[in-house]
Structures are given as C-alpha cells and as structure tokens.
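See below for the structure under consideration.
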Amino acid sequence: MDFLNALVAFLNFVVVPATAYGSQLALGALGVTLIYGILRFSNFAHGDTMAFGTMATILFTWAFQSIGISLGPLPTALLALPFGILVTGALLVGTDRLVYKFYRQQKAVPVIFVIASLGVMFVTNALVRFIIGPDDQRFADGERFIISAREFRNLTGLDEGLALRTTQGLTVVTAVIVVALLFWFLNRTRTGKSMRAFSDNEDLALLSGINPERVVMVTWLIVAALATVAGTLYGLDKSFKPFTYFQLLLPIFAAAIVGGLGSPLGAIAGGFVIAFSEVTITYAFKKVLEYLLPEALEPDGLVQLLSTDYKFAVSFAILIIVLLFKPTGLFKGKSV
Amino acid sequence: MTVNLRNLGLFGIVALLIVATGVIQSWNVALTILNYGLISAVMALGVNMQWGYAGLFNVGIMGFAALGGLAVVLVSMPPVGEAWSAGGLRVVLALFWGLIVLAGSILLYQRMAPGRMRTLALIVVLLAGFFSYRALFDPAVAAIEAVNPAGTGYLGGLGLPVLLAWPIGGALAGAAAWVVGKAALGLRSDYLAIATLGIAEIVIAVMKNEDWLSRGVKNVVSIPRPVPYEIDLQNDPDFVARMTSWGYDPVVASSIVVKLAYAGLFAAVLLALLWLLEMALRSPWGRMMRAIRDNETAAEAMGKDVKKRHLQIFVMGSAICGVAGAMLVTMESQLIPSSYQPLRFTFLIWVMVIVGGSGNNWGAILGGFLIWFLWIQVEPMGQQLMALITAGMEDGSALKEHLIESAAHMRLLTMGIVLLLVLRFSPRGLIPEK
C-alpha cells in the first residue's frame, strides 16, 4: 500500500506535470529547430512569437465566449486555435518579407540573422504588451479536471490522490496529434520532402529546382502553427503572461540544442529531457520517501536536490554538459 | 588621428540632448542619465571588443555585469563576524570539497578508457560527491543564514575600499568568461550565444538563491561609497556657505556634487579603457584580431592560434563588462539580484553596439549614451505622444485609457525598430569602423 502511495505521489507531482510541460517545450523546440534547419539561424524571437500566437488565440476565445460559443467540457481556446494560427502565420510571413528576406538575398552570415531576430523579439514583445497588456490573463474554461485528487482517492482507497487536469491531458493529446501531422508532412508530402532536402543540402536542393522562397514561407507557416499551439497549451495549463513567454525561450533553446539543432526528433526528446530534469531536480521528495522508508530512516529535510528557483539554471546546466560531451546534441544536429 | 567633424557633431547632439534634459527637467535627472550613460558606454566597449574586433556573439553580458556587482559586496561590505564563526569556514570547506569532486571526476574522465565502465564510475563519483557536498554545505548555510536574517544572514565582505571592487569585479567576470569560453568557443556562433545566455541565467539564479553569499532577494543595501554622502555635505558649514554664496540651494547642490563626483570617476575609467583599446586596435595585435575576424581560415593558415585569441578577447571583453557592473552597483550602493533582466542588461547593450557602430570604440561609446538617453526618455515622450493622440477622445473611454497605459511599452518598440532599421540601412552603425 505504501509503495502504491509513493508511486501515486510521484506520478502526481513529477510525472504528470513534467509530461505536460515536456510536450509544451517539445512543440516550442520543434519551431526553433525547423527555423534553424531551414533558415539556418537561432530565432531569439520564438518565445515572443509564442506569446503573440497565444494572445491572438485568447482574443478569439474571448470573442467566442462573448457570443456564447463553447466546446462544453473542452476549453473554447481549441476552437480559437486555428484563427490564432492564421494571424500568427500572417505576422511571421510579414516579418520575413520585411526583415529576413533582405539578409537572405545578401547572403548575410547567420549571426546577422540572430541580431535581426533580437530586433524582431523587441518589436513582437512590445506589440503583445500594447494589445493585451503585461498582466496575467486567464482564458481556460470548460471542465477543470479529468479526474480530481478526491475522486481518485475515493475510487482507489489510497491516501494519495492523483489529479489529472483537463489541460494536462489535452496538452499531451494535442502534442501527439501535432507531432504526427508534422512528421507525416515532412516525410510524405512533396513540400515536406523539399523542405528536408533544402535543410540537408541547400545547393543540391536549388539545383533540383526547389523554390527556396516557397520552402521558407511554408516553414514560417508551420512554425506559426507550432508556436501558437505550444503557447496556447502552456497558457491553458498555467496562465498567460507575456514576460513568462519571453523567459520560456531559455528552456526551449536548451531543449532544441540538447536534442540537436535541426533534428525534429531531437527537439521532442530534448523537450522531455529538460522538463523531466527540471521537475525531478527541483521536486522535494520527502513525501515519496516517507511512504517508502521505515520510520527510523525518514528524512528530516525536504530531500530537494535544488531549490525551485533553480529551474532555468537546471536546463542550462544540462545544456552545457551536453555541449561539452556531445557538441551537436543527442541526435547529431547541425553545426554549419 | 584626424578630427572627424561628423562624429564630433554626433557626440555634440548627444551632449545637447543631455543638457536640454538638464534645462527642461532638472540637472539631477540629466546627471543621472549621464552617469548611467557612462556605465553603459563602458559595457558597450566590452561588447564591441568581442563583437567588433573578433566577431564573437556574447549574449551573457547580464551575467558578467552581475558578477561585477557581486564583487562590490564581497570586497567592500564589512564582514559579519558572527556568521563567519557560525559557519563561514565550513562553507569554504564545502566549496573546496565540491571543487575536489569536480576535479576528480574530470581526471577520471580523462584517465579511464571510454566505455560503459567510465560512464558508470563518473556517475557514481558525481552522485556521491554531490550528496557529500550537500551534507557539508547545507548545515553551514543554515547556520550562517540564521544569524540575524533581517539584517545580515550572510557572510558579508572583506571591508576593503569600494574602488578596489572595480578591478576585482573585472577579474571575477573574466574568470567566469574563461570557463564559458573553454566550453563554448569553437562552436558555431549561435551555440556560443545560447551558452552565454544560459551561463548568465545560472549566475543570476545563484545570486538570487545563495543567501549566505549575496543575501539573495533580500538585497544588500548601503554599500560604502567612494564619494561623500549628501547629508554630510549638507551638514558641512563650509559647503553650505560656499553654495549659498554662489546662489545655489545647498540641498540640491549636494546631490549634484555627489553625482558629478561619480561622473568624474566613471569618466576616468571610460577614458583609460578607451585609450588602452585604441592602442590595442592600432597595434599588430589589433590587426591580427581583425584579420581573424574577417577570414578565420586564412589567419589560421598564417599560423595564428584562432581559438586562443578568441578566448583571450572573450575574457577581456567580459572583464570590462564586469568592471561596468561593479561601477553600477557602487553608484546605486545596493545589490538587487532580481533587477538583472536580460532585456536591460544584455539586449539593450547590443542595441547600443549595433547602433553606435561595431568595430569602432567611439561608436560604441556614442551608442551607449544615445541609447541610454532614449531608453529613459522614450517613456515620457511616449506619454506625451499618447496624450496628444488621445486629446480629442472622450475622458474615461476604454480606448483612451488603454492607449495611455500602453505608452510604457513604447520603449521596447522603439528599441526594436531602431535596431532593425540601423541593421538594415546602416549595418556599420553611426560611426563606422575605419
């Protein structure tokens, strides 16, 4: 019984939140990785793109709520998501035309693109704050829990409850669908194949008649979809605040690099590696150990490896360790 | 050196902007802008050295500046004797033990043959090392933090003159840069960028959480000053008599005198650095650096050790950022770890370097002053603009309130647009490299 209690506590406080967070990071990192693979630079504006996409989705959600449309037990935001993606896609394709296209034609070195993306980051950040303000926004509605801690306790008779929030379940399901769609697109469709060819060898792809501007545009549209979905899921799960999204840039980069920049599979693996290490290293294991150990051995402290404020530091420590041993990440990413 | 009228004119415009602030708003505000501008210029010099001379993309400026700030506390605050006797030596011992574990695992990694055994041994050593380190470290920290937590709860510093903290802050930042550089230089520039961004976050996380070292989010206040206190000046009959005879209010005059004293100190640092950097740029060393930046392969073929030079310049540039960070904390006379935000301490400095002119020290300095001025003044300007736009609107309308509230975000928008426009239309900046 105690063992089961320990297991449930571990699932409830570590596995479930880390899985949801990992899916959000993986979707974010997929966007970063796609831009790196095809446009060949690290996009510092990605966190703010996520914020922008989420903001657009929130505005549509509010509009739907005000005219009485809802999805019943599911959050209305799901219905607003496609519209949010469209707006974000327009923004990204627009920035590409206005900013990045020029440097592409100039054949500028990657680091110039990175600096330009800093500028785009500032502007997107300001746009979001202009439109929706810097404060916390909640937009989750529908059923709160798939199963609540109390229901679980009544059902199983255990001391520990396992709560599964709708948003957590939804995050994982949506992430799986989005990733499946993305891989289907990259592996099976003509455009997807030309994107991969372009990412592998630009010159060869150009020789075989692939239109680079089209590849770039499709990439931005896919990135817009990934960023909006990731941002909206994160916002539903926690809450929406522009500054938090700017900070998300750090673990997202860490995830993309740990997996290997340019490798979609790596981005997903990286997202989960970062999420699980952040949560396990900063979780206080006292409760779990109390169930497992005999009373005499029970720990006095919280049995926390690092305090919760070290979350970002953890993702970067992992990043640096990986860079030391595997300079191009777990899945052998690009290093041009 | 030929005097370039255009560049002189640009500096003149910035000087005029600051003087105009003094006339229109107050001299206190103008001098505050000047002092922060001087510090920003020093930071921009450091970044310009890395980016403009060598093409290294460092996005961890915040971390190096914060280390400089930490040095001010470690050098100039009086030591807390009680905390030291409670657990000071034990903390030092624990840190030393941590270093031994790290060194041991590196040695192990180098000595053993690659394979599963090595990985296993490494994990065992690291895990055992971590837990033994925490067993030594945690009680010592608890003992230190228990000593008068409201007032101290940390070890304090060495009680030395605060000016000594400036070079030490530089050294601390330089040492950190050496570690970062060893790990991340030689990777592609993007990787260096992200690695430095990460290190900066780790530095800030440590400063926010290790209360025994920096009091964490409780902040260290009333750090000793290198210049007189306003209140002492106001109580000094000589000073009051002189200011009154010159026709100034002694209270206002005292704060202006203090600010001028800081400005003098900062200007001295800035000029000394500028002189050194200009000399370096003109020397064979500077030519070599630019040769490496422009064509790494060719420079390598000529027998230059590119990696070593990169590390060298990365350490020097970061040390300059550390000095600037120490100057900043000295002027504010408090260390607030939570105030270190990448937007303000990393990305803003980048805007300064790009706008001013990368590769040119004068450009970096100009950028430092100009962008800092805009950073401070765009908000009031935005508010006035919004007031003008909304003047015709009905009072209390939602749109009017929203627009007026949004004026605060003009800052980020302006910085972004300025950066993008300069990068696009004048990529070499206002004062281009010669």
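Every residue gets a Cβ built from N, Cα and C, even glycine.
TrEMBL does not curate its annotations; it predicts them automatically.
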If TrEMBL is the reference, give me the range from A:51-71, A:261-281 marked as transmembrane segment.
A:51-71
Which residues of the chain, 6 or more past the ends of the transmembrane segment (A:111-132), have a CB below 8 A from one of its CBs?
39-45, 47-49, 51-52, 55, 58-59, 91, 95, 99-100, 103, 242, 246
Mind checking which residues of the chain, 6+ beyond the ends of the transmembrane segment (A:215-236), have their Cβ under 8 Å from one of its Cβ atoms?
20, 23-25, 27-28, 30-31, 34-35, 38-39, 46, 49-51, 53-54, 56-58, 75, 77, 81, 84-85, 88-89, 91-93, 96, 104, 137, 139-140, 167, 170-171, 174-175, 178, 182, 185, 191, 194-195, 198, 205, 245, 248
